[in-house]
Amino acid sequence: MTHPFFSIVIVNYNAGIMLANVITALSKQTYSHFEVVIIDNHSADESWRIATNAPFPCRLVRLQHNIGFAAANNLAIAHHIQSDWVFLLNPDAYPEPECLQIIADSILRIPDVDCFACTLIDANHPAQLDGIGDTYHVSGLHWRCSHGAQHSAIPEKPIEIFSACAAAALYRTATFRQLDGFDETYFAYSEDVDLGFRLRLAGGTSLLLPDARVHHVGSGITGRSSDFSIYHGHRNLTWTFIKNVPTPLMFLLLPIHLVMTLYMGLSFATSGHLSLYARAKWDALRQLGPRLAQRKKNQRQRVCSCLDLLRMMSWLPRGFLTTAKKRTHTEDRVP
């Protein structure tokens, strides 16, 4: 039996009707040479049952406890797929019918790329974008490029991006494994930016496919401004910066990072979340030892030059990005 061209991995945790919706979207694809692996993170809502009736090859792996988004994806890619490419898809992300065909064609047409990102449409406001890849700011903040912009912001041709949003992203399986996959200590949030950063350090490229479109609810399970997302997002943001920024750039970027951290603290103080934000930063520093060990490995494997890395980062301040959205087609969102 031949292996599927690529495997689709969906990590489910109490996704409810959203998982049924993504199964329906996959059943409408014009391309069919794929398999689906659903990792259920010990859901209590029995949403996983929809996988037993999928109209395409689908394997369900039920876990005895919630190990997090990062670890669940790593588990699937390490033990449950055999294809050369893996497509990570959130249960709140619904591909348009031509999406998988466009991805398959792109793999054959652009063989030297290790990661492809999809164009994310805001599922709640279809006239707007959820993002066209992730932007990494020199301060360490990162956000969805063109979040909230109109469809006119979508480029006409594939373009290089800093990293792919793993709500709908394709990775070469061998590369994903060589990079040790997602950092499982992240649990959730920013693990895709960290992986994209490590991929770039190792000389890899992430490419946006403008026509591979996926409708994304966005934080449909954990909540966009929940305590969970604020804590993990800002703890992991610090880890990503410390692990990956090359030493020559640290002298330039660390002061900017510290100013941003203080500014965000003041912002969270006005919204009543200062204690949560402070705990995220304290835990990031308290657990710095393992991050420094990972940093040593990441920097030892680095082949990307500092200039090339700076070229892919954003230097524009966040306020300018918001006010200049019509010109730049970019808008940020706190992870």
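Glycine is treated like the rest: Cβ placed from N, Cα and C.
Annotations in TrEMBL come from automatic prediction, not curation.
Record features, source TrEMBL:
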- 7-116: domain 'Glycosyltransferase 2-like' (DOMAIN)
- 249-269: transmembrane segment (TRANSMEM)
Sequence-remote partners of the transmembrane segment (249-269) [C-beta within less than 8 Å, at least six residues beyond its ends]: 137-141, 230, 234, 238, 241, 276-278, 281, 306, 309-310, 334
Secondary structure tally of the domain 'Glycosyltransferase 2-like' (7-116) (DSSP, helix then strand then coil): 40 helix, 28 strand, 42 coil
Mean of the pLDDT scores, which run from 0 to 100, over the domain 'Glycosyltransferase 2-like' (7-116): 96
